[in-house]
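In case it helps, TrEMBL gives these features for our protein:
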type   : residues  : note
REPEAT : A:68-102  : repeat 'PPR'
REPEAT : A:103-137 : repeat 'PPR'
REPEAT : A:138-172 : repeat 'PPR'
REPEAT : A:173-207 : repeat 'PPR'
REPEAT : A:208-242 : repeat 'PPR'
REPEAT : A:243-277 : repeat 'PPR'
REPEAT : A:278-312 : repeat 'PPR'
REPEAT : A:313-347 : repeat 'PPR'
REPEAT : A:383-417 : repeat 'PPR'
REPEAT : A:418-452 : repeat 'PPR'
REPEAT : A:488-522 : repeat 'PPR'
REPEAT : A:523-557 : repeat 'PPR'
Amino acid sequence: MRSAYWVVERVINLNMHSIVDVLVDGYLNNEASCKVLDLLLWLYTKKLDVERCLWVFDKMVKNGFLPDVKNCNRILRILRDKGLVGKAREVYELMGQFGIKPTIVTYNTMLDSFGKEGNVQQAFNLLLEMQGNGCRPNDVTFNTLINGLSKKGEFEEARGLIANALNKGFKVSAYTYNSLICEYCRRGMLVEALGLKEEMKMRGALPTVLTYNAFMHGYCKQGRVSSARQWIPIMLKKNLMLDIVSYNILIYGYCLLGDTREALILLSELKKRNLKPSAVTYNTIMDGFSRHGDLESARQFKDKMIKDGISPDIFTYTILINGSYRTGNIWLAKKFYHEILHKGLQLDRIAYTSCIAGELKLGDLYAAFKLQEEMLAKEFPADVITYNVFVDGICKLGDLEEACELLQKMIQDGIVPDHVTYTSIIHAHLEIGYLRKARELFGEMLSKGLSPTVVTYTVLIHAHAGEGRLELAFIYFSEMMENGILPNVITYNALINGLCKFIKMDEAYRWFSQMQSNGILPNKYTYTIMINGNCDLGNWEEALRLYKEMLDRGIQPDSCTHSALFKHLRKDYMSFAVQELESIILDGREKAEAIT
DNA sequence: GTAGGGTTAG
């Protein structure tokens with residue numbers, strides 16, 4: 001058989017794929033043909049050549065040759081990994097039709113496919129079918145189902161299955177817990193994740209690098225890289241080494257905070273440890289640069305990536321296109337778009353949506369619709385996000401009527417508007433002063449069972465406070481708290497803005513300190529609002545005190561801050577004011593220098 | 001297991 005393997009491998013390498021037809025036509029005796037065909041199939045699965053796998057599989061079953069179930073399982077695994085669940089289902093059905101008896105591996109692979117697709121119901125149906133066929137679930141079956149449930153956020157059910165598995169005497173492992181911990185961390189539910197880690201320990205399941213990466217990811221997402229790093233010594237103590245994913249996660253954490261310098265330090269550190277940066281590493285850093293206004297460094301990083309032997313992928317280009325639109329450089333965005341096509345890369349759903357959002361931001365509705373047609377032609381029908389991009393884009397272009405029509409079309413297309421859709425529409429109504437209508441829409445949103453987020457509440461608070469409807473703004477604020485949604489700095493700014501505008505300075509100061517006792521630091525917007533309010537009242541001293549305070553806290557003022565400070569000054573005071581500011585700034589710098 | 005698309009403030 002070894003020599004047969006060698007021969008078939010040569011045949012494939014010589015591109016003599018038509019050997020399949022020869023074999024199927026029965027030139028050899030059936031048993032020999034079948035063996036060789038199986039060998040071919042195996043080699044195609046090793047090459048991850050889905051097309052040819054399916055082609056041989058199909059030829060075989062339709063000509064009375066039954067492929068080895070192990071090869072069928074290999075095909076199912078490839079289809080699962082490529083997300084081709086529909087094809088996997090077809091193969092599975094053909095297996096049944098032609099009498100290839102599924103093994104536990106077949107079932108587990110299919111269950112995993114369904115779970116990855118988010119179709120837990122179908123997974124459970126298959127579980128019943130499997131048991132009906134006398135195949136008993138094993139620990140992998142349990143872990144797979146737990147994985148599927150976790151992905152959907154059905155945590156209670158997932159935990160129930162763990163209990164179930166334990167009851168049945170199965171051993172639980174990191175595979176059982178990692179998926180749940182990952183999902184908890186991804187959703188910011190760190191307390192739950194930590195609790196599960198304790199349970200894991202209690203049951204004797206050892207955490208893996210993946211477990212720790214999940215935690216680091218959870219902390220990084222919340223902007224807490226230092227907390228994330230505290231896991232490193234714990235890992236090392238257990239003889240677990242940081243892998244490239246760990247580094248990518250930490251790099252991502254620093255990039256989120258805008259600290260690309262620290263991200264680059266990690267990049268050189270991982271290289272020193274003989275880890276190879278991946279496309280993810282480069283893309284993450286590029287996105288960090290781009291989001292913090294340094295598109296030029298992002299572009300240079302793309303060249304660096306190529307020099308280091310990694311080809312830019314669709315992520316890379318999406319990041320660069322987003323950055324180009326962000327800086328209003330439509331020409332550059334187009335250049336990257338054409339580069340994608342030129343390199344033979346395919347735009348995916350996200351790349352298209354980015355382009356559409358960019359065109360809308362620049363006001364080119366026509367270009368946006370054209371891209372959507374192109375998307376449709378490539379069999380990416382609009383999803384809820386595409387619609388949201390259009391709805392919000394059209395709102396921002398000032399055509400609320402058209403946006404509402406689009407909302408109707410969306411529903412007709414069978415896409416259910418979500419909290420973002422409603423927040424955009426509500427925001428648009430608020431912007432033009434239709435507060436009542438906005439409140440109605442908010443009610444409609446609630447009645448559809450959609451959960452408002454901090455953004456929804458913040459736009460409502462902002463508009464109501466800004467129009468002097470402070471009592472309503474406070475109602476929204478407390479409603480939000482009651483629903484367990486935490487206000488952020490923008491929410492507080494919206495409230496403080498209304499209070500300042502309607503000269504309730506005492507209350508504004510109360511909220512200003514309350515936000516800080518709740519652990520939310522004022523930013524340059526907060527200070528600008530407060531400075532503006534004081535300047536309007538002629539409290540020049542207080543405005544300057546605030547200005548100094550923000551500098552002391554390392555918060556950079558911008559032109560809005562300055563125009564708020566200057567707005568009531570007559571021209572002849574201007575030069576005095578500039579002097580005064582300069583002395584503050586100089587004073588601040590000296591302090592900073594004294595520290596460093 | 002890690003990276004890219006949608007909603008908020010002066």
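Keep in mind that glycine also has a Cβ here, set from the backbone N, Cα and C atoms.
Just so you know, TrEMBL annotations never went through curation; they're auto-generated.
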With helix taken as DSSP H, G or I, strand as E or B and everything else coil, how many residues of the repeat 'PPR' (A:208-242) land in each class?
25 helix, 0 strand, 10 coil
Counting only residues 6 or more past its boundaries, what in the same chain has a CB within less than 8 Å of a CB in the repeat 'PPR' (A:173-207)?
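Same-chain residues near the repeat 'PPR' (A:173-207) but 6 or more away: 139-140, 142-143, 146-147, 150-151, 153, 155, 158-159, 162, 165-166, 214-215, 217-219, 221-222, 238, 240.
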Sort out the residues at least 6 away from either end of the repeat 'PPR' (A:208-242), same chain, that have Cβ-Cβ distances under 8 Å to it, and list them.
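For the repeat 'PPR' (A:208-242), the list is 174, 177-178, 181-182, 184-186, 188, 190, 193-194, 197, 200, 249-250, 252-254, 256-257, 259, 262, 270, 273.
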If you average pLDDT over the repeat 'PPR' (A:138-172), what do you get?
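For the repeat 'PPR' (A:138-172), the model's average pLDDT rounds to 94.
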DSSP-wise, what's the residue breakdown of the repeat 'PPR' (A:418-452) into helix, strand and coil?
26 helix, 0 strand, 9 coil
Run through the repeat 'PPR' (A:383-417) and tell me, per DSSP, how many residues are helix, strand and coil.
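Summed by class, the stretch gives 26 helix, 0 strand, 9 coil.
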How many of the residues that make up the repeat 'PPR' (A:488-522) does DSSP mark as helix, as strand and as coil?
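For the repeat 'PPR' (A:488-522), the helix, strand and coil counts are 26 helix, 0 strand, 9 coil.
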Under the DSSP assignment, what numbers of helix, strand and coil residues are found in the repeat 'PPR' (A:173-207)?
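Split by secondary structure, the repeat 'PPR' (A:173-207) comes out as 26 helix, 0 strand, 9 coil.
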